[in-house]
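Before any comments, here is the structure.
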């Protein structure tokens with residue numbers, strides 16, 4: 001194996017490892033999208049009901065999004081979280097202080113919720129199914145797992161290439177990384193489109209702002225790393241095979 005190809009192979013492996021770590025961290029964390037709003041310092045009856053609805057198993061899209069808006073919510077692929085006061089005061093609001101303790105409460109999406117239809121008017125089951133948002137939601141949480149699976153399968157093939165001391169299997173590894181990058185890019189695109197469509201239907205309150213979080217950024221960084229790793233794997237395999245063919249033809253001649 002030529003030193004150039006070995007160097008390209010090692011660099012591609014490093015890029016692949018980094019992108020896999022980023023993708024796994026992105027899938028496992030809850031900061032794809034974050035909302036910023038004034039923290040509700042008191043725990044009135046209405047606030048308690050909102051928290052219970054948010055943490056319930058049957059919360060619809062409109063219900064949990066309204067709570068996310070009001071309580072500094074964060075949204076991941078599998079969980080939704082809100083920030084609420086740690087100490088509740090049912091009789092009266094606490095005195096205003098410079099800071100107070102808060103706690104984060106999270107609720108996981110069930111598989112039924114992940115595959116549940118989205119409605120034209122969120123929360124209104126009689127408004128008809130919004131097919132675009134429904135399939136965008138399903139793709140945004142399925143594609144990252146497909147991407148991660150392709151990366152792991154490509155790593156196994158790369159390991160076989162090392163054992164066989166051959167660069168030929170790395171062509172398949174490169175193709176798998178290319179497909180993984182496309183899946184990651186598709187997931188990010190679906191997530192952005194889904195968030196924008198949601199905010200067109202459910203407007204944010206005036207004192208609430210939203211932004212993409214660091215989990216989303218990790219997924220965005222992972223995609224180009226996968227593409228670069230794929231390019232190096234494919235280049236190393238293709239060029240090495242081409243030089244081997246030329247060398248074989250020269251020896252025959």
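Counting starts with 1 at the first residue shown.
Cβ atoms here come from the backbone N, Cα and C positions, even for glycine.
If you check Swiss-Prot, you get these features:
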| type | residues | note |
| --- | --- | --- |
| TRANSMEM | 5-25 | transmembrane segment |
| CARBOHYD | 42 | N-linked glycosylation site |
| CARBOHYD | 72 | N-linked glycosylation site |
| TRANSMEM | 141-161 | transmembrane segment |
| TRANSMEM | 175-195 | transmembrane segment |
| TRANSMEM | 216-236 | transmembrane segment |
Distal contacts, the transmembrane segment (141-161) - CB-CB under 8 A, six or more residues away:
9, 13, 16, 19-20, 23-24, 26-27, 77-78, 114, 167-170, 172-174, 176-177, 179-181, 183-184, 186-187, 190, 219, 222, 226, 233
Name the secondary structure element type, per DSSP in three states, that contains residue 72 (N-linked glycosylation site).
coil
